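The domain 'CARD' feature in TrEMBL is assigned to 1-82, 99-191. Per TrEMBL, domain 'NACHT' is recorded for 266-402.
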Amino acid sequence: MCTQEAFQAQRSQLVGLLVSGSLEGFESVLDWLLSWEVLSREDYETLSLLGQPLSHLARHLLDTVWKKGAWGCEQLIAAVQEAQADSQSPELPCGWDPHSAHPARDLQSHRPAIVRRLYSHVEGVLDLAHERGFVSRYECDEIRLPIFTSSQRARRLLDLATVKANGLAAFLLQHVQELPVQLALPFEDAACKKYMSKLRTTVSAQARFLNTYDGAENLCLEEIYTENVLEIRTEVGMAGAPQKSPATLGLEDLFSTPGHLNKDADTVLVVGEAGSGKSTLLQRLHLLWATGRDFQEFLFVFPFSCRQLQCVAKPLSVRALLFEHCCWPDLGQQDVFQFLLDHPDRVLLTFDGFDEFRFRFTDRERHCSPTDPVSVQSLLFNLLQGNLLKNARKVLTSRPDAVSAFLRKYVRTELSLKGFSEEGIELYLRKCHREPGVADRLICLLKATSALHGLCHLPVVSWMVSKCHQELLLQGRGSPKTTTDMYLLILQHFLLHASPADSAPHDPGPGLLRGRLPTVLHLGQLALWGLGTCCYVFSAKQLQAAHVDSEDVSLGFLVRAKRVVPGSVAPLEFLHITFQCFFAAFYLVLSADTPPSSLRYLFNCRRPGSSLLARLLPAMCVQGSRCREGSVEALLQGAEPHNLQITAAFLAGLLSREHRGLLAECQGSEKALLRRQACARWCLARSLHKHFHSIPPAVPGEAKSMHAMPEFVWLIRSLYEMQEERLAKEAVRGLDVGHLKLTFCSVGPAECAALAFVLRHLRRPVALQLDHNSVGDIGVEQLLPCLGSCTALYLRDNNISDRGICKLIEHALHCEQLQKLALFNNKLTDGCAHSMARLLACKQNFLALRLGNNHITAAGAVVLAEGLRANTSLQFLGFWGNKVGDKGAQALAEALGSHPSLKWLSLVGNNIGSVGAQALALMLEKNVALEELCLEENHLQDEGVCSLAEGLKRNSSLKVLKLSNNCITYLGAEALLHTLERNDIILEVWLRGNTFSPEEIEKLSHRDTRLLL
């Protein structure tokens, strides 16, 4: 019996118990109290307010329950006990009635079990509910907001069912019973159960707090985690018809995505640039598993860090790897290991940071024994190949450049982590700053400074913006434009907070940095040595060798590594690999031990002779490869290329005129600083000139084309970091191409800013192709300065919305050279139609507009048609995969009847029927310019085809008519044949995929060879 007095006496312990876990645990307690009717619906809504601190909600819950008397107090304690056991399999109660006369009441009374049952299936249930008309698209989007976890989405769906009287509650009650139940444990062995419990506890402890980006405080992952843009990575040059862009995936989709590279492989590869959130993604996966909320098909999850594994010198077996380097079984080691071998499909291994593993992947050394020790690299490579623990799932994260074609042979699915979307940036900042107004002001600042906004798509930069919010909001200085600006700001932030309050300079700047210069140089020396030796975790001995003492560590840029060998002292590592590169660049700029000539090695991003870029660089940049061991030159030659590129970009930024004053205050010899700057400038410009001169000559009759390599993007980024207009002009002086192609080059908003900074100085306009990147609306805004230097802009598959395109068109109206836009596979809707129509009406030299696979409907087509009526220059118009329907087709056809120049029109897959076909037939009767009309994958049927055939009788220009997949029968083909007898202009009529029998196909093909069947 729990009296109210006893309840109040235990209040502080109860508050501690309610806030000791995550928000998920607290909401589970609310589920039980709601199901037992301890809480009313009004109580529940008050206790579910977003943005409130968990401690505040816990105290409010205790106050609410105490007012309900001793019974309520007893029920709360029981609810806490039930919530702690929530990780068990969610069985539905025996009295479950899927056809209950009171479904809303039953959903509430069985709420805890339903939430756990719905958890892994909420997306599918939402889709089905929307398909059957129970929820609107708006309601689906509200439930699917990235700020909510899967269980929170399940709860919001149940909450919606209580207020909707359209049958949603009854639908859920019936459908929940049909959902698959979590797999039961396939063993009864006590040792295995105890080991699984210990492993969950260990992984949970490692994953609960996010201290990767902060040495001063631990951030609760549950409260701060924000979903990144995760997509299936498309193969470069993949043949076939245009494909729809993959929907943005959730973490729960990691093992259920289609598009397998190798269906027999076990490894899921997640690639992303440095700072895109790969480690945090894995940490989230680990936490979801450890707390029983997802990935429960795996009984055992073993997390590993590649940067720590490479430090293991002694040979390892699979058993030693799992038990000694992750979690040791307290009893029955052999039984546990045998279970893992017998049930590998219930095992998941994650390997974070393969790009930081100094050994290159090879499949030459085969090792199949799980008990025999072997080198750590051979062990990892054979695990990834499936020679060891075949059918155990593996997740590998890496930067793209570190993944070879050999490794991809053993990858089941490759996913690309793109960083934060615009919505993600905003959500993250709101989670970091719950104080009134702070997040709003930060978001307004970002939207007003597009350069900084573009940098924030990397979560590591968003974290820095959050940490430096006071400096950004309160000081009158300009906002950071480059990555180097942002890293200098966070350095000054840490220096300021590490200084005693009474001795800190009032104005953070040269004085602050000069006072801690020895610390910065010590960290820089350690960072450079680590890059040169591929070492990213540092022992006490290594710290001592670099003269890094406890005062240097206290600055906050070195933190304790998480996963270490049990019983050993945790080594230190930099907050992030980009910080290690930043401090290495600082050391190269300011250290007296760095000869200016050594900086040229920094731009040799492959070992001498191993890549095209190495051969292109001037001889001075690749001097003799024999260097004194431990020298700066030797370290730069030993560093990984992707880390050298980041370091080189930072070095260029530090040597910019913007930061010359800051560094001159710290550098004893200004002359030495100027020599370093001159060397970096010369090497950058010379490297780009050589790159341009290597472009092969143009094919006769075609524009000279250049397909840029990732090294080109890096060189452009380095030029941008230096922020020198004269250098940018000089660098592109030798670029003489008509088409610059940067597809699949990981171009995001920051790269767009760099491209615009350089390409706006081109003497000759180019067609700029940026298909299949991550440009987004922010990147479009960054490209505007170079739009006047573009004859064409290709932005297929770049996650661009109406807002970005409207800004682009507003600028394009004043760019005489721009004649083509390709916007296939983005997020465009009717909202951009007015801007598009204005573009067509105002630019009478505009040639091509491709809008395929967006979300344009009849309303948008009607608006666009107004622009077409005023246009006299357009030659190519693409609408593939939209939803214009008959009404939209009619509007376009009426506008194009007398159009003098349009040669190619695509309305593939637009749900056009016979009414739209009749309008297009009338257009063909009048039009004298159109040469190709693409109408595949519609619903024309015979009636529509007969109308087109009549229109073609009076047409004298059309050469190709594509009608595949339109439910056409022999009757429609007969009508076309009658027209072809009188029309010798038409060269091809595509009729593949229609409803012809083999005999009819044979007969039709003999009657006219222009029918392609």
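All positions are counted from 1 along the displayed chain.
Just so you know, glycine gets a Cβ as well, placed from its N, Cα and C.
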Tell me, roughly as an integer, the mean pLDDT over the domain 'NACHT' (266-402).
92
For the domain 'CARD' (1-82), jot down how many residues DSSP puts in helix, in strand and in coil.
62 helix, 0 strand, 20 coil
Let's see if you can do this one: DSSP helix, strand and coil counts over the domain 'CARD' (99-191), in that order.
62 helix, 0 strand, 31 coil
The domain 'NACHT' (266-402), counted residue by residue under DSSP: helix, strand, coil:
53 helix, 25 strand, 59 coil
